There are 6 protein chains.
Amino acid sequence: MTEELYEYIQKTSTVWVREQGQDIKVKDWIVPVWEEAREDWDAVLLGVPLSRSSISASAASEFPKAFRKAWELFTTYYFDEQVDFRGYKVGDLGDVKMHTTDILKCHDNIERAMKSVQQQFPASFVASIGGDHSITAPLVRAIQRKNPDKTIGIVQLDTHLDLRDLSQGPTNGTPIRQLVEGNVVKGENVYNIGLHGFYNAPSLIEAAHEHKVNMISLKQLRSKGIAQQIQEVMEQLSKKVDIVYLTVDMDVLDIAYAPGVPASTPGGMRTDELFDILFEMGKYPIVRAMDFVCIDPNRDNPALSTVKATTYAFLTALASRYIHQRKAVQQLSI
Amino acid sequence: MTEELYEYIQKTSTVWVREQGQDIKVKDWIVPVWEEAREDWDAVLLGVPLSRSSISASAASEFPKAFRKAWELFTTYYFDEQVDFRGYKVGDLGDVKMHTTDILKCHDNIERAMKSVQQQFPASFVASIGGDHSITAPLVRAIQRKNPDKTIGIVQLDTHLDLRDLSQGPTNGTPIRQLVEGNVVKGENVYNIGLHGFYNAPSLIEAAHEHKVNMISLKQLRSKGIAQQIQEVMEQLSKKVDIVYLTVDMDVLDIAYAPGVPASTPGGMRTDELFDILFEMGKYPIVRAMDFVCIDPNRDNPALSTVKATTYAFLTALASRYIHQRKAVQQLSI
Amino acid sequence: MTEELYEYIQKTSTVWVREQGQDIKVKDWIVPVWEEAREDWDAVLLGVPLSRSSISASAASEFPKAFRKAWELFTTYYFDEQVDFRGYKVGDLGDVKMHTTDILKCHDNIERAMKSVQQQFPASFVASIGGDHSITAPLVRAIQRKNPDKTIGIVQLDTHLDLRDLSQGPTNGTPIRQLVEGNVVKGENVYNIGLHGFYNAPSLIEAAHEHKVNMISLKQLRSKGIAQQIQEVMEQLSKKVDIVYLTVDMDVLDIAYAPGVPASTPGGMRTDELFDILFEMGKYPIVRAMDFVCIDPNRDNPALSTVKATTYAFLTALASRYIHQRKAVQQLSI
Amino acid sequence: MTEELYEYIQKTSTVWVREQGQDIKVKDWIVPVWEEAREDWDAVLLGVPLSRSSISASAASEFPKAFRKAWELFTTYYFDEQVDFRGYKVGDLGDVKMHTTDILKCHDNIERAMKSVQQQFPASFVASIGGDHSITAPLVRAIQRKNPDKTIGIVQLDTHLDLRDLSQGPTNGTPIRQLVEGNVVKGENVYNIGLHGFYNAPSLIEAAHEHKVNMISLKQLRSKGIAQQIQEVMEQLSKKVDIVYLTVDMDVLDIAYAPGVPASTPGGMRTDELFDILFEMGKYPIVRAMDFVCIDPNRDNPALSTVKATTYAFLTALASRYIHQRKAVQQLSI
Amino acid sequence: MTEELYEYIQKTSTVWVREQGQDIKVKDWIVPVWEEAREDWDAVLLGVPLSRSSISASAASEFPKAFRKAWELFTTYYFDEQVDFRGYKVGDLGDVKMHTTDILKCHDNIERAMKSVQQQFPASFVASIGGDHSITAPLVRAIQRKNPDKTIGIVQLDTHLDLRDLSQGPTNGTPIRQLVEGNVVKGENVYNIGLHGFYNAPSLIEAAHEHKVNMISLKQLRSKGIAQQIQEVMEQLSKKVDIVYLTVDMDVLDIAYAPGVPASTPGGMRTDELFDILFEMGKYPIVRAMDFVCIDPNRDNPALSTVKATTYAFLTALASRYIHQRKAVQQLSI
Amino acid sequence: MTEELYEYIQKTSTVWVREQGQDIKVKDWIVPVWEEAREDWDAVLLGVPLSRSSISASAASEFPKAFRKAWELFTTYYFDEQVDFRGYKVGDLGDVKMHTTDILKCHDNIERAMKSVQQQFPASFVASIGGDHSITAPLVRAIQRKNPDKTIGIVQLDTHLDLRDLSQGPTNGTPIRQLVEGNVVKGENVYNIGLHGFYNAPSLIEAAHEHKVNMISLKQLRSKGIAQQIQEVMEQLSKKVDIVYLTVDMDVLDIAYAPGVPASTPGGMRTDELFDILFEMGKYPIVRAMDFVCIDPNRDNPALSTVKATTYAFLTALASRYIHQRKAVQQLSI
């Protein structure tokens, strides 16, 4: 084909062309791992498109696709801290394979995939993109299996405790219960931040008490201040565990800010508060993995508030890690 | 019919089956008064599905139905105060009967219904669910008629003064004017909280001044602090009146939080502020009745932000009463 | 409680009060089977709220609830034929119990429930309300198990063949394949009506040919005329089978008429055509059961076009049965 | 103000500037009657913004405004008949004044307004724009009062009979009952076209039979053909009455075509059928007035299908009158 | 990277992975021309993302992206004709480069791009995807420039004549005027099919008459029948021209079927009629290029009716060409 | 026409009738300048309906119309300051004339229009209503041309720097770059307030540094406090410039508050913060003009949050000017 053809046409097709230059978009910055021979990714990204495990009907399985599509709206420059974090290398692993009707097999695939990821990229921070909250159990389990001699703690941003019993199998209401009862994580090493309102039944509160799960209400967080509260939680955890897993159920946000999360509620967190928390969490190298769950892009408003908020949150977390700990990250190995 | 049939089928039909157990939903907690022989309801609930009296077209008459439907999304455990308030007994009275074209008769029915309610349940707190704001006039009038020797005050959360003249009859713009000019409530015993912006015409301001209605702007509220402001208002009222009626026009909320209220505006209250106000109000046994008005469920967003916010507000008010004054309530009789 | 209370209030609460009189709504006509001791129901209704088996994310599991809610919009008088069919007795059985994560158990529950239904109400026509199309396989299987010596045929209104292979387990793309390969129904006894466009992959066409499934495109249907086409199909089936099962995947409708069906497409059937087909089908007593599947009420437009169209279709089918065969039905027993 | 200012600015403000030229929009063609001294209007337009009389909540009162706003999307050239009908003179009278809470007074205002219109413009065709269907009763009553020695017939395009009893006063479900029982129009002189489905309760059918209202179902219309059916109806009416009133309840349309009519249903008329009927009706000078009712612009889809369809229908009716009878109209006086 | 990693993960990232097998989706069938060395494409596809030339605001520039995204919903098997047309080779050229503020340069780029395309792929059918209707002028001009000794005719499916004068430059209202006045195409060789209603001002009708543009109304089309009408048009054109260009303004569709076209109207064509026309047009090898214009994906309904209808139409056109003329195509050279 | 006709009818038509009385709406307060002979307007309003210059597709050109329509929802009484500002005289100039395809000509028209406005009304504050942000460059240029010996500064509320290079001509991404590189405004005299997140590429930051544009992030603003920050900015500007131009890109708002701004983002400003800023800015007579840009009313939510927020912001700015400086304004002449 002659060169001339492309004088007035650009190659678009169904493929995102990666661009380079002084200015790049997030879509150009995050690279499929199979396109670049590199093992020292600062972070790797894993799509986990499962939501048929959700108690109420959800299309959160569509979120990894919507999330990647939103990348063209964001740059690699973080204005609040005046820093270009493109030097932080992020590889996209693709999505965990799912079975259409065997939900347990899906969870098993997630666990196996996470184990492979850690095998292949032991020094990389792992960011998983759900899917619903049921994915957190196999993800954390994989970390524990891979690091049998390490103790794991969890920081959970959530309006719900996710401590339901297992009578209906592993759902988006059970991950913390599974991990605690499965001896993967001790209840006392779980810090649930953002609880409020009328969304946790007494039996769950009782389960939290029984397992000594730490519950920090949104009111307490606001009263103490985000920086102070996160510092206290992380100082406590640092004394007790070797690895911290951060799980963000986006239903922690107020429904005005996250209309696309089926379980979001009035009285929840504002996005600026969430971003501040994630910025603070980025200071701690002990945090080795995180996930964002329960965003149903089919229910988002036409402005895509929720998809954009999640992308903003994800970038804040990574930018903060870049600022605070890039070198440290590279020396650590979980 | 054999038992076997229901081994794999559950009775759902068009009827909500009431459930019991450690965990119950609000739908299982609020009981139709005709299903349970009891006179000592802590609170009774009255649906008031009237909105053809609204100045601009509104389907707020559909709200009692939407409100009850939302009950399945809420539990009886209030996390912020770590209390299960199911012990607070709430009876659902059903809805006031309405006439399709005779609006005055509708208002008369509301007044007569409220009178019957007080006759039957003199010790119960009465929560009315509108409907538009025109319902407040007959509701308060009924209380005054039933308690001719008591003085009534009003705490009104509203972006508008609702002091329009009666030339177009009783509408959602006139209830306070009706009560003040009808000598049911003195203007000086009305406290309107949440006013702001460009939504009250000069003639209404003048009417407020003339009748000495107390106007507390949203800015003043924020400047003074919610707890302090409510305390001051209630202390003043306690010296002047015997009974306080709380009326919540949901248009007091910012349009970002209450898109389903036809008259909601930018620059309004946040939901967390509203919830805090209602929690504070729950401390005062002198408050004997309340209403929530002007929510049009047909205009709510698909996430149902406004319907959920109203339910959250309603539960906060009741939970606070449970916490602060349950015993007191039972000893009082209006 | 005094009578007086209900002079101005009506009992509404969260319960539909059944009304009687010259005019009743469909909600008053269809009675929960546990409320009326009767075994000779002309038809029984079974909710089947399963859609986590759907290939793409779907909230069709919410449809039985939305369907019952729509009953208040319809009367029992069918204007087109000038007949009040309230004499046709329809009992609502409730919904099949589902497991949250074990999809095979859900399908097993459906089959067992359907077997119980036939045991209990052997003479009643069974109308099942999905849920996604995966429910058709266990429903038909139950009929076959209960009538092992009878031959079953299927009339399928659908844009898709639903003949996918079982590698991903039983989904909404596999029911016909399951039934044919499971020797429950012979391919030659399946008549798929309404196929068109670009929605069936070559492997499915090949499977249809291999199993001798009868394919009647929408163009053929229109060319021959609905009455004539249905007559031909039913005459052929009457010679080959003892029982006909009618399954209506609402994605057979054009997307302009059924925006709430995730897989509806341009170029599909109009609602008036669907109603005519169902009216014709009502002439044949050999049709012993039917289902409506794949309506996701969360995706319907605000006017609820799709929910209303399904209710209209359901009523047309029953009204036609009432007109054509009520007596015959009562004498038959499958 | 210097001329120069408007070299680069155009006067827009909140006022539609009427334009003239070879091409004009409908907004430029329909002239407020107070702007042009003329008594021989071919037609006059009367807005009737009342819908608090609607049984279910409706904002049809907003329709006259939405209707006028749509005029900028239409020209005065009717392509189907290749005719520019701008020579047909249409005057806009404005809207009937309404009372906010006295619905009977609203109906009285409508009747008085219509009487004035006939007094002032006896030779003009009157097009009324609702509002809900309750407006038809006072409109027709005014014609009868003004023409006490004339007999009036009605052609009603509707999915419903509108023959409800008056126990709830005059609503959008009662106009035909009011007119028949009030001896304004004989039942045998009412032709209801477009009935179908499950939307008329038995008591209404009975009332229709009792009053000998002519019922023509949508199926009959389609079977006979529009031109033929309308011709038959009009020939019958021409023998019996002096004046025909045409009332178009837009719920006669299928819900796919009229999502903005609260009561529109599946199985209804297509817009092209409605336009054909209105074109046929335009042939009969005996038709002296018409109305379009029950369009709620707040419920229309974002594409404004329903508002545009009503405008198209309105223009078709007028264009047809222009083509068939302009001269005749001017000689007639009702 | 070890193989093992991809045992449980699939490569998804932001790139559509092309799949092969018995069943492929349209996304796997249409190949970027730069990925496959081939010059004998049966058809090539050109995205033309320009809509700032639209008279009213439009995001039709976003359509090429939305169109390609819809490819995953369609297979290469055309059920109506029982044919798999994957043997028809279609290459995606990408999108014409646009300037953000120089609209004339955009049109020049389109013309130059089209010239390059014809130079490079002289035997391929060219399908252009708009963008708004202004793109048709430069596209046809390029064909004429490349084939100076050939006569070009146009079949236009449109509710509008697009014969506006050029006083506001080349817009979506002017393409036919530009081509006729620019002597690229004679008016008598333009056949506009689908006109109706109140959407063409008298000056445009006059321009059509002056230039002898052939106007075939939707009513005429329906009266004559699609097959017959298309045959007549094409027989006439075949005698007069060497090349036929087919331009489909999707506003020809009824607003119920195409809510996402800003200018779609009531009273328009149904999708099944459009598909039939395109199928008929596929019989004529003289048709050498086509375009689809004026679809604004931001205005489409959530079900994506309009995007899907355009894809269906596009595939019908190509499938018909495959069926009727594949060999012929390869021998022809424009 | 007799008076009697208007006893029951009111003149509505398509024209807003201006009303007078104790209470007026904003629609009655803002008067077309051609309707009232006056040269001492306190402020004049200029519509600038251009958005085909927007980088991404936008219908911000429709905003002036939507803005004026919203005026009927607001009164002239500002509750927060307890003042009726109707004495502040505002004249509506209409809209700048635009060319459909020549964007440079549009910008030229804007500049020429603004020059005429200043010529005609030298003492009036000018409020321009976009349109997209590209309009700011010609508006400020006109002020500079008219006041060649004055120095101009800019306060910009924006999430973006708008310092893109001019390779794609003047767009909504370039106005500040154009003004700075065109020596109309010095970079050091530009104060951009509200920056945050991931929306400014490194090249823009570099350009800001190079031109010494002052960047104040949203976090800095919140940390310092609005009153204090604005005071500091205005004190600095007062020392450096003669005239301050205030430009408000509504994308500075959080997406929860401004869903109708195509570029609004999570993490942005709340409306109450914006209103406070505008109130503070009203204290400085040196501010001589302002604009509001980038609101696309077609993308606003059904509650019209964004249109209402802009109107509220506009009124706050004018009310504050009335309160703080009315007399001063009249003595000044730019």
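Every residue, even glycine, has its Cβ placed from backbone N, Cα and C.
Taken from TrEMBL, the feature Mn(2+) binding site covers F:H133, F:D158, F:H160, F:D162, F:D249, F:D251. When secondary structure is read from DSSP and collapsed to three states, F:D251 (Mn(2+) binding site) falls in the helix class.
The record gives F:H133, F:D158, F:H160, F:D162, F:D249, F:D251 for Mn(2+). Within 8 Å of the mean position of their Cβ atoms, the other Cβ atoms in that chain belong to F:Q156, F:T159, F:L161, F:N172, F:V252, F:A263, F:V293, F:C294. Long-range neighbours of F:H160 (Mn(2+) binding site) (same chain, six or more residues apart, CB within less than 8 Å of its CB): F:G173, F:L195, F:Y199, F:N200, F:L204, F:D249, F:D251, F:A263. In the three-state DSSP scheme, F:H133 (Mn(2+) binding site) is classed as helix. Fewest Cβ neighbours within 10 Å among the binding-site residues F:H133, F:D158, F:D162, F:D249: that distinction goes to F:D158. Neighbours of F:D251 (Mn(2+) binding site), defined as other CB atoms within 10 A of its CB across all chains, total 26. Chain A comes close to none of the binding-site residues F:H133, F:D158, F:H160, F:D251, judged by a C-beta to C-beta distance under 8 angstroms.
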